Amino acid sequence: MIVCQTIEALRLERAKIVGAVGFVPTMGYLHEGHLELVRRAAAENDAVVVSIFVNPTQFGPNEDFSAYPRDLERDLAMLSAFPELIVFTPSAEAMYPQDFQTYVQVERLSQGLEGERRPGHFRGVATVVAKLFNIVQPQRAYFGQKDAQQLAVIRQMVRDLAFPIAIVGVPTVRAADGLALSSRNSYLTPEERAAAPVLYRALCAARARYEAGERDAEALRATMRAVLAAEPLAQVDYVSVAEAETLRECEGTLSGAVLLSMAVRIGRARLIDNLTLGTDRHFC
């Protein structure tokens with residue numbers, strides 16, 4: 001495993017690679033979901049680059065940038081199972097040097113859902129991912145379906161800016177009780193951790209109604225809200241039934257692929273989760 005701390009060092013290593021490069025961008029504090037992305041990338045490419053960078057521009061002024069879990073030594077130990085890996089760990093100064101002025105904004109897909117509640121979030125995401133793509137020059141990049149809106153934003157950016165990169169969405173990795181794996185799960189107390197699978201239960205309840213023939217968007221939202229309301233520790237930010245491709249909120253009778261999603265606060269943790277329905281298979 002090679003660890004590169006600077007853009008120059010990464011580019012030197014990148015120049016040595018013959019064949020396809022898979023890229024897994026992360027903010028660190030890795031878990032099994034990240035490792036699944038790395039496994040997929042390793043299976044489909046000749047070389048894999050993983051970045052570890054807590055991106056300040058995707059956090060709002062009252063969000064958890066300072067508290068976001070960081071443990072590079074732990075992350076590198078987890079990645080040591082992949083001996084051929086290149087790990088890129090740039091500093092904030094390298095990614096955003098003094099007088100940095102250029103940002104990437106994906107307009108419509110950044111609105112609504114997470115974008116509505118976290119102004120500027122997806123501008124920060126698109127900017128850092130675009131810069132990482134420019135540095136790493138991968139043929140494929142891997143993102144988890146858990147962050148469905150982020151995945152849609154990145155795909156749109158790649159199309160619009162003609163990046164020669166295939167964006168690969170990987171199904172959400174879950175704990176045995178259904179909780180989507182997330183670095184922010186580390187914020188949960190034991191009591192809160194026991195409550196957290198309510199998100200997946202709510203999504204599954206709506207999916208069951210959908211599979212039983214329910215096609216009214218508000219009925220599915222009501223189903224999710226009812227399950228969440230039964231958990232005293234759950235503070236609902238939003239529940240959504242949206243068109244899977246456009247992310248526009250659905251009203252009335254559903255047709256085509258649908259994204260069920262939600263954000264819920266449990267203690268200090270703001271958790272998100274989603275399911276996609278109406279495709280050949282249900283992504284979760």
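Cβ coordinates come from backbone N, Cα and C, glycine included.
Straight from TrEMBL, the features:
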type     : residues                      : note
BINDING  : 27-34, 144-147, V173, 181-184 : ATP binding site
ACT_SITE : H34                           : active site, proton donor
BINDING  : Q58, Q150                     : (R)-pantoate binding site
BINDING  : Q58                           : beta-alanine binding site
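Sequence-distant neighbours of M27 (ATP binding site): residues of the same chain at least 6 apart with a C-beta under 8 Å from its C-beta are I52, F53, V54, N55, Y68, S183. In the three-state DSSP reading, Q145 (ATP binding site) counts as coil. Separation of the C-alpha atoms of H34 (active site, proton donor) and Q58 ((R)-pantoate binding site): 19 Å, rounded to the nearest whole number. Geometry remark: L30 (ATP binding site) versus Q58 ((R)-pantoate binding site), CA distance 18 Å. Sequence-distant neighbours of G33 (ATP binding site) (same chain, 6+ residues apart, CB-CB distance under 8 A): G144, K146, T172, V173, A180, L181, S182. Cα of Q58 ((R)-pantoate binding site) to Cα of Q145 (ATP binding site): a distance of 18 Å. Around the Cβ of Q150 ((R)-pantoate binding site), a 10 Å sphere holds 23 further Cβ atoms from the protein chains shown. In the structure shown, the C-beta of L30 has more C-beta neighbours within 10 angstroms than that of any other entry among the binding-site residues L30, V173.
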